[in-house]
Amino acid sequence: MSKSTGCCQDFLHYVFDYETPKTLVIPSIRVGFVFRFTQFLVVLYVVGYVCVVQKAYQETDSVSSSVTTKVKGFAYTNISDMEPRFWDVADYIIPPQGDNSFFVLTNIIMTPGQTQSRCAELPNPSTICADDCDCIEGYNDPRGNGIRTGLCENYSSTVKTCEVLSWCPLEIDTNLPKRALLAAAENFTVLIKNSVTYPKFNFHMRNILPHINSSYLKTCEFSRETDPDCPIFRLRHILAEAGEDFQDMAVKGGVFGIIIDWSCDLDWWAGKCYPKYTFRRLDNKNPVNNVAPGYNFRYAKYYKSPNGEETRTLIKAYGIRFDVIVFGTAGKFGIVPTIVNLGAALSFLSLVPIVADWFMLTCMKKRHLYSKQKVTYLVEEPETESTSIGTMYGTQ
Ligand SMILES: *[C@@H]1O[C@H](CO)[C@@H](O)[C@H](O)[C@H]1NC(C)=O
C-alpha cells in the first residue's frame with residue numbers, strides 16, 4: 001500500500017467495505033437484564049398504551065349531530081312597577097327556536113309607551129348643558145340615546161340636558177331588580193332532543209334511548225344518581241351541578257353550557273354507546289374586576305296607540321343562554337390503523353440493542369474488552385497462512 005494514495009484508499013474503504021453483523025455473546029447477567037428489561041418496556045408500551053389506552057387499532061370518526069330543545073314552565077309575577085302578569089314559554093323564550101341554544105328570560109327592564117318624539121337626554125357629564133349653545137344640532141353620540149336637536153331642556157327641576165330626537169320616554173336601565181323577576185324560571189324544565197350519527201360506521205343514535213317510552217318521558221327528570229338517561233333537565237338542577245346558584249345568575253344573566261359527550265367505542269366487545277352529560281358556566285363570573293357581567297339584549301314590541309301613533313314597549317332582557325355543545329369521537333377496529341400503528345410501535349424494538357450496547361460499553365467493568373471485541377476489522381494477509389485480526393483501519 002502506497003502512502004501517496006492514502007486518501008484515495010480511505011475513500012475506497014469507506015465506500016466499498018462491506019459491514020456484516022457478527023454475533024458477539026456477552027455472558028453477563030447485568031447486560032442481559034438491561035436488554036430484557038428494555039424489551040419488556042417496549043412491549044408494555046405497545047400493549048398497554050398503544051392498544052389498551054390509545055386504541056390505536058381503531059378507525060375513528062367524529063360526530064354529526066342535531067339538537068332541538070323545548071322548555072316548559074309557567075311563572076306569575078306581581079311586582080310594584082309592572083302589572084301582575086302570567087308568563088308562559090312564548091313570553092320568556094327568545095327567539096322561539098334557535099340552533100343548539102335557547103335563551104330563558106329571567107330579568108327585565110321594561111319601558112312602555114315609547115313614541116318617536118323629543119326628550120331631554122339622561123344626565124351625565126357629556127349631556128348636561130347650560131344653554132342651547134352647548135348642544136350641537138345633529139350631533140350623534142353612539143353612547144347616547146338619540147340625535148341632538150340643538151336645544152337645552154329641563155331634565156328635572158335641577159338639571160338641564162341636551163334634547164334628543166329619539167324613542168321617548170328614554171329607558172332608565174339603572175334600576176335592575178336585585179332579585180330576578182322570573183325567579184320561578186329555576187323550576188322550568190327543558191327537553192333536549194339530540195340525534196347523532198357517525199357516518200363512517202353508519203351508526204345512528206338519539207339521547208332518547210331505545211328503552212325510554214313516552215309515559216316515562218312524561219314524568220322523568222334528569223338526575224345523575226337516580227335517572228341519568230332522562231333527557232329532561234330542571235334548570236336549577238343543572239346549574240347547581242355546575243356549582244352555580246340559579247337566582248344569582250338570573251339577576252344579570254349569563255351563558256351556560258350543556259355538554260353532551262358521545263365518545264364511544266363501537267367494537268362489539270365494548271359496551272353500549274350512551275351520551276354523557278356535563279354542565280358548565282361558560283361566561284366569566286369572576287367576582288373580582290367583573291366589569292360588564294352577565295348577558296342581556298334589547299328588543300321591542302310595536303303597536304299603534306288609539307290615536308294612530310306608532311308606539312313600542314322596549315324590553316331590556318336579561319337571562320341565561322343555554323348552549324348545547326355536542327362532541328365525540330367513535331372508534332371501531334380497522335385493519336389499516338392496526339398494521340400502521342403496530343408497525344410503528346414495534347419499530348421501537350430496534351432501539352433495544354442500542355440501549356443494551358450503550359450499557360455494555362459504558363457501565364460495565366469489562367467495557368474495554370467488550371469494545372475491543374465489538375467491531376472487528378478483518379484483514380487478509382496472503383503472506384501468512386492464517387488471517388490476522390486488526391482493529392486499525394487498513395494499516396496492517
Ligand atoms: C321551585 O320548586 C321548589 C320545589 O317544588 C319550590 O320549593 C321552590 O319554591 C320553587 N321555586 C320558585 C322560585 O318558585
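Each Cβ is built from the backbone N, Cα and C atoms, and glycine gets one as well.
A simple way to gauge crowding: the CB of T189 (ATP binding site) has 16 other CB atoms within 10 angstroms, across all the protein chains here. According to DSSP, T189 (ATP binding site) is assigned to a strand segment. The ATP binding site annotation in TrEMBL covers K70, V71, K72, T189, N296, F297, R298, K316.
What TrEMBL lists as disulfide bond is C119-C168 (among others). Taking Cβ-Cβ distances under 8 Å and a sequence gap of 6 or more within the same chain, the neighbours of C119 (disulfide bond) are E153, E163, V164, S166, C168, P169, L170. C119 (disulfide bond) falls within a strand when secondary structure is assigned with DSSP.
Here TrEMBL flags C129-C152 (among others) as disulfide bond. Residues near C152 (disulfide bond) in space but far in sequence (CB under 8 A, at least 6 apart, same chain), listed by position: C129, A130, D131, D132, D134, C135, K160, T161, C162, E163.
Under the heading disulfide bond, TrEMBL lists C135-C162 (among others). In the three-state DSSP assignment, the secondary structure recorded for C162 (disulfide bond) is strand.
Sequence annotations record features per position, and here TrEMBL assigns N-linked glycosylation site to N187. Other C-beta atoms found within 10 angstroms of the C-beta of N187 (N-linked glycosylation site) number 14, with every protein chain shown included.
Annotated disulfide bond per TrEMBL: C220-C230 (among others), in sequence order. Of all Cβ atoms in the protein chains displayed, 15 besides its own lie within 10 Å of the Cβ of C220 (disulfide bond).
In three-state terms derived from DSSP, C264 (disulfide bond) belongs to an extended strand segment. The disulfide bond annotation in TrEMBL covers C264-C273 (among others).
Within the chain carrying the transmembrane segment (342-364), a Cβ under 8 angstroms from the stretch's Cβ atoms is held by residues 26, 28, 30-31, 34-35, 38-39, 42, 45-46, 50, 56-57, 370-371, 374, all 6 or more beyond its ends. Here TrEMBL flags 342-364 as transmembrane segment.
Ranking the recorded positions N187, C220, C230, C273 by Cα distance from K316 (ATP binding site) puts N187 first.
Between N187 (N-linked glycosylation site) and V71 (ATP binding site), the C-alpha separation comes to 11 Å. Around the Cβ of F297 (ATP binding site), the same chain contributes K316, A317, each under 8 angstroms and 6 or more positions distant in sequence. Not a single one of the recorded positions among V71, C135, K316 has a C-beta coming within less than 6 Å of an atom of ligand 1. A straight line from the CA of C230 (disulfide bond) to the CA of T189 (ATP binding site) spans 12 Å.
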